[in-house]
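> What Swiss-Prot records for this protein is below:
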SIGNAL    1-19  signal peptide
DISULFID  C38-C104  disulfide bond
DISULFID  C54-C151  disulfide bond
BINDING   Y55, G57, G59, D76  Ca(2+) binding site
DISULFID  C56-C72  disulfide bond
DISULFID  C71-C132  disulfide bond
ACT_SITE  H75  active site
DISULFID  C78-C125  disulfide bond
DISULFID  C88-C118  disulfide bond
DISULFID  C111-C123  disulfide bond
ACT_SITE  D126  active site
Amino acid sequence: MNPAYFLVLAAVCVSLLGAANIPPQPLSFYRYTEMIQCTIRGSLTYLDYMDYGCYCGTGSRGTPVDELDRCCQTHDNCYAEAEEHPKCSSLVKSPYMNLYSYTCSGGTITCNADNDECGAFICNCDRTAALCFAKAPYNEENKEIDISKRCQ
């Protein structure tokens with residue numbers, strides 16, 4: 001086998017093995033993370049908000065540990081509302097699968113008028129949370145907490 005082909009094949013295999021450990025993310029998650037990046041600008045990224053407090057990332061139970069965690073709780077509740085929304089009830093229009101459009105300019109997020117009813121609802125959920133994140137202080141001690149003890 002040509003060494004160049006072997007190197008390409010090996011690189012693809014290593015990439016696939018690494019990607020196998022990454023859980024699939026809902027389509028709207030990408031829009032949400034882009035919105036967060038639009039509003040927070042600076043050293044924090046959306047990854048800093050994963051596994052934060054009782055509501056940011058996986059979890060969603062108990063009493064929020066701070067203002068930022070309340071932003072995530074509000075976002076979770078908004079998505080729960082969206083799941084009950086008549087225009088978001090099908091698999092294709094699920095809050096987690098529906099893509100919407102928006103613009104970001106100077107930290108200002110605008111949900112586009114061409115979104116369907118479900119997309120507009122989800123866009124507003126994500127927009128509200130991203131703006132909330134921009135105002136809430138980030139407390140390093142609330143990252144990767146023991147949710148079994150602190151989120152009752």
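Note: Cβ is positioned from N, Cα and C throughout, glycine not excepted.
Help me picture these features in the structure, burial and contacts included.
According to its DSSP assignment, C38 (disulfide bond) is helical. Just so you know, the Cβ of C38 (disulfide bond) picks up 20 other Cβ atoms within 10 Å once every protein chain is counted.
Within 10 Å of the C-beta of C54 (disulfide bond) there are 23 other C-beta atoms, taking all protein chains into account.
Cβ neighbours of G59 (Ca(2+) binding site) (same chain, under 8 Å, six or more residues apart in sequence): I147, C151. In the three-state DSSP assignment, the secondary structure recorded for G59 (Ca(2+) binding site) is coil.
DSSP assigns C71 (disulfide bond) to a helix.
Within 10 Å of the C-beta atom of H75 (active site) sit 21 other C-beta atoms, taking all shown protein chains into account.
Taking a C-beta cut-off of under 8 angstroms and a sequence separation of 6 or more, C78 (disulfide bond) has the following same-chain neighbours: N124, C125, T128, A129.
If you draw a 10 Å sphere around the CB of C118 (disulfide bond), it holds 22 other CB atoms from the protein chains shown.
Counting every protein chain shown, the number of other Cβ atoms lying within 10 Å of the Cβ of C123 (disulfide bond) is 24.
In the structure as shown, the Cβ atom of D126 (active site) sits within 10 Å of 25 other Cβ atoms.
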> Taking the Cβ of C132 (disulfide bond) as the centre, count every other Cβ atom within 10 Å, in any protein chain shown.
17
> Please report how many Å separate the Cα atom of C118 (disulfide bond) from that of H75 (active site), as a whole number.
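So the alpha carbons of C118 (disulfide bond) and H75 (active site) sit roughly 15 Å from each other.
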> Looking at the recorded positions C54, C111, D126, whose Cα is closest in space to that of H75 (active site)?
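Result: the closest of the recorded positions to H75 (active site) is D126.
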